[in-house]
Amino acid sequence: MAERKYFGTDGVRGKVGQFPITPDFALKLGWAAGKILATQGTKQVLIGKDTRISGYMLESALEAGLAAAGLSAAFVGPMPTPAIAYLTRTFRAEAGIVISASHNPYYDNGIKFFSSVGEKLPDEVEEAIEALLDQPMDCVESAQLGKAMRINDAAGRYIEFCKGTFPANASLKGYKIVVDCANGATYHIAPNVMRELGAEVIEIGTKPDGLNINEKCGATDIKALQKVVVESGADVGLAYDGDGDRIMMVDHLGNKVDGDQILFIIAREALRSGKLHGGVVGTLMSNMGLEVALKHLAIPFTRANVGDRYVLEQLKEKGWKLGGENSGHIIVLDKNTTGDGIIASLEVLAAMEAHKMSLNDLARAVPLFPQVLINVRFEGGKNPLESDAVKAVAADVEKRLAGRGRILLRKSGTEPLIRVMVECEDGALAQSCAEEIVEAVKSN
């Protein structure tokens, strides 16, 4: 694969107003994508966004670029990332474009693409788009220019899709649910899904103003959700991130239920119903407690590199259907083609309803191991992880933790940092082992 100049692992992302998140680059990107995507099909591209104020600027620029290349744009407004994947498929569009920086602050934004089947664009297509970005723009004949339209019922379509994944003979009547939408793209979707399934819903983080996305709310900051759940006597709390592809949950006692626990609950329920389709894909950061709990059920488990993109790659490689990250990216491939926070939360709620069990009871089946994370800054160009002394200490720690824990040492890709992670069923042992490795890293 050729080295990328503009596209990262999750499209193009950065600070608004600084290259590449500028209106002129978005215009050129729309044009380049349009030139590559133009086929004999409908020549239509869906464009969705989260609630950042910069989304207006970027969608207009993208639309102009697409039109110059002869493709029409269909705007769906603020919609979750997984909704764009779904709608791109159902509208038979050439592609879908999402304008979002996910869980980042409002002053960041990004642009990523879905293929016509709602999956990440193939590498060769991204490379072809990149190659065109360095060429001068041209414009199709006036009669061939693209148009723009707005799809007014996109939210309703996606709400119905989400509800359709919930068991037809079940409902959420009698449940009190607090829904935190991070002032992001799920603000007009998730509360309505839960209400229409019968739940009593308390909303927080559903008043976006363009600047407050992910601000002290949502999947990356659940303190407000925990407080409201406990004070209101709710059964469960749901926290989505800015673009709706992550989910964190809170039980009735205010305890956090993370992606690893959510993944286990969904896997166990799929096993019981005969719909597991193989095993489960986690990541290098998935808690060992998840691995142990799945092993007790004889469910195969494998680890991908950190990032939902790599989880998806492993799922496809193995032909499995379920994977995710402890950060709350949960992929259920027989429901949607990408991580979907609303779908994942409905899977857990369906398990709660089927067994008349609280989230606390369901999550208790995954006793998470204490995890110690320490970042160690290093000087100079040499990677301390290549030191024989560090390797020897790491090997000794691994031997002591055998069967009871594990270590993960990673060099940051963006900073001169070594990330030391140790987890063990004995928290004190995890802490002492981590400190031992840190000292070795600092000394080399």
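Yeah, the Cβs are placed from backbone N, Cα and C, and that goes for glycine too.
Database features (Swiss-Prot):
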- Ser102: active site, phosphoserine intermediate (ACT_SITE)
- Ser102, Asp241, Asp243, Asp245: Mg(2+) binding site (BINDING)
- Ser102: phosphoserine (MOD_RES)
Exercise. Determine the Cβ neighbour count for Asp245 (Mg(2+) binding site): the number of other Cβ atoms within 10 Å of its Cβ.
Key: 32
Self-check item: Listed in sequence order, residues not in Ser102, Asp241, Asp243, Asp245 with Cβ within 8 Å of the centre of the Mg(2+) site Cβ atoms
Solution: Asp50, Pro80, Thr81, Ser100, His103, Gly184, Ala185, Ala219, Tyr240, Gly242, Gly244, Arg246, Gly341
Quiz item: Is the residue listed as 'active site, phosphoserine intermediate' helix, strand or coil when read with DSSP?
Solution: coil
Practice problem: Name the secondary structure element type, per DSSP in three states, that contains Asp243 (Mg(2+) binding site). | Solution: coil
